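Q: Provided herewith is a single structure, encoded as structure tokens, for subsequent inquiry.
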Amino acid sequence: MALNLRKNHPILKIINDSLVDLPTPSNISAWWNFGSLLGICLMTQIITGLLLAMHYTADTTLAFSSVAHMCRNVQFGWLIRNLHANGASFFFICIYLHIGRGFYYGSYLNKETWNIGVILPPTLMATAFVGYVLPWGQMSFWGATVITNLFSAIPYIGQTLVEWAWGGFSVDNPTLTRFFALHFLLLFVTVGLTLVHLTFLHETGSNNPLGIPSDCDKIPFHPYYSIKDMLGFALMLILLATMALFSPNLLGDPENFTPANPLVTPPHIKPEWYFLFAYAILRSIPNKLGGVLALAASVLVLFLVPLLHKSKQRSMTFRPLLPFLFWTLVANLLILTWVGSQPVEHPFIIIGQVASFTYFTXILVLFPIASVLENKMLNL
């Protein structure tokens with residue numbers, strides 16, 4: 001009998017077990033497409049980022065000009081830059097939807113997969129933040145100044161830490177060069193974590209919309225889900241291309257078309273849209289250290305989700321109260337995102353404070369209480 005290379009070759013076997021013969025639940029919906037879409041986003045960012053790095057100069061006097069040169073004189077440089085900038089937005093859209101799906105369907109009960117997954121968004125946020133500084137526009141410079149300054153809230157070592165991160169007494173050339181190095185380095189951290197995430201996922205297998213064991217009804221990943229994923233890739237890449245070609249600056253800040261000037265502060269310093277919910281939580285607490293802790297907690301609170309699962313059912317599909325609370329949380333996050341983009345004045349301050357309080361209360365208090373109530377209602 002001929003040797004099946006796909007199943008016996010040490011390297012091809014790993015690929016085969018992950019993408020071809022992987023036993024997959026037969027009923028997973030389009031919400032399960034976002035994992036593979038994140039993989040495509042990562043590949044797109046690596047390719048476009050590498051091409052941009054070939055033309056970029058990490059120096060305060062040349063960075064802005066090198067980006068302008070890229071868009072004017074490099075073959076399709078404008079397109080590569082637009083794909084990279086908007087690709088980051090699509091990356092965050094996909095990761096937020098992916099987390100939301102895991103939250104709704106109880107995928108967080110695969111604890112190892114979930115915990116590695118929760119480390120990924122902060123890594124991605126750090127990567128996007130240092131990347132945003134590289135074009136050295138006004139918002140790049142002032143965003144870097146404001147966010148790195150948050151580390152000074154750490155007692156005793158804060159100020160030293162900030163000056164060490166800056167490589168001087170303000171954001172300047174050493175900061176830019178190290179941020180370029182970090183942007184490149186964090187990419188590999190992201191890739192490594194992604195592989196660990198996938199390894200843990202394939203240990204347990206995928207969850208499904210019903211939240212019940214699916215061992216009795218599994219189908220091979222290829223051709224069923226490989227085709228389904230390809231449809232997802234096509235749709236997302238069409239959307240990304242449309243955005244990059246028709247409205248590339250829709251999500252950017254006009255302030256970043258002005259070269260960085262330490263002597264002129266922009267009227268509203270705000271990060272990219274995908275950080276606004278966390279930025280709103282940071283701003284809603286008047287104390288600096290408290291704000292920084294709340295900012296960290298806004299993402300790291302996801303580590304507690306498996307511990308707060310009190311329901312006898314895994315998924316929210318058939319639960320009477322939880323879907324309502326879940327969509328309230330989604331609306332709350334949208335309100336936080338909107339508030340983060342507004343100036344710090346009445347009524348936005350109080351709206352941000354209420355929304356921040358509701359965000360943590362919903363996850364830490366209301367979800368567990370509602371789960372216990374449901375168990376009582378359904379006599380479980």
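Glycine too: its Cβ is placed from the backbone N, Cα and C atoms.
Taken from Swiss-Prot, the feature transmembrane segment applies to 34-54, 78-99, 114-134, 179-199, 227-247, 289-309, 321-341, 348-368, supported by similarity to another entry. As annotated by Swiss-Prot, heme b b562 binding site applies to His84, His183. According to Swiss-Prot, the heme b b566 binding site annotation covers His98, His197. Annotation source Swiss-Prot lists ubiquinone binding site at His202, citing similarity to another entry.
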Q: Taking a Cβ cut-off under 8 Å, which residues six or more beyond the ends of the transmembrane segment (289-309) line up next to it in the same chain?
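A: Cβ under 8 Å, 6 or more out: 99, 103, 106, 108-109, 111, 114-115, 118, 121-122, 125, 150, 153-155, 277-279, 281-283, 356, 359-360, 363-364, 367-368, 371.
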Q: Looking only at His98, His183, His202, the binding-site residues on record, which one has the least crowded Cβ, with the fewest other Cβ atoms within 10 Å?
A: His202
Q: At least three Cβ pairs under 8 Å linking the transmembrane segment (78-99) and the transmembrane segment (348-368), pairs spaced 6 or more in sequence?
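A: No, the transmembrane segment (78-99) does not contact the transmembrane segment (348-368).
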Q: May I ask whether the transmembrane segment (227-247) has at least three C-beta pairs under 8 Å with the transmembrane segment (34-54), counting pairs 6 or more apart in sequence?
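A: Counting Cβ pairs under 8 Å (6 or more apart in sequence), the transmembrane segment (34-54) reaches the transmembrane segment (227-247), since there are 3 or more.
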Q: Is the transmembrane segment (321-341) packed against any residues at least 6 beyond its ends, judged by a Cβ distance under 8 Å, and which are they?
A: 100, 103-104, 270-271, 273, 275-281, 283, 311, 348, 351-352, 355-356, 358-359, 362-363, 366-367, 370-371, 373-374
Q: Can you grab the distance from His183 (heme b b562 binding site) over to His202 (ubiquinone binding site)? Cα atoms, rounded to a whole Å.
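A: Roughly 29 Å, rounded to the nearest whole number.
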Q: Which residues, given as numbers and ranges, are at least 6 beyond the ends of the transmembrane segment (179-199) yet have a Cβ under 8 Å from it?
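A: Residues 18, 38-39, 42, 45-46, 49, 53, 56, 58, 113, 116-117, 119-120, 123-124, 126-127, 130-131, 133-134, 144.
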Q: May I ask which residues of the same chain, at least 6 positions away in sequence, place their Cβ under 8 angstroms from the Cβ of His197 (heme b b566 binding site)?
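A: Expected: Thr113, Ile116, Gly117, Leu120.
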Q: Could you measure between His98 (heme b b566 binding site) and His202 (ubiquinone binding site) for me? Cα positions, answer in whole angstrom.
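A: Rounded to the nearest whole number, the Cα-Cα distance is 17 Å.
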Q: What's the CA to CA span in angstrom from His202 (ubiquinone binding site) over to His84 (heme b b562 binding site)?
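A: Each residue's Cα considered, His202 (ubiquinone binding site) and His84 (heme b b562 binding site) end up 30 Å apart.
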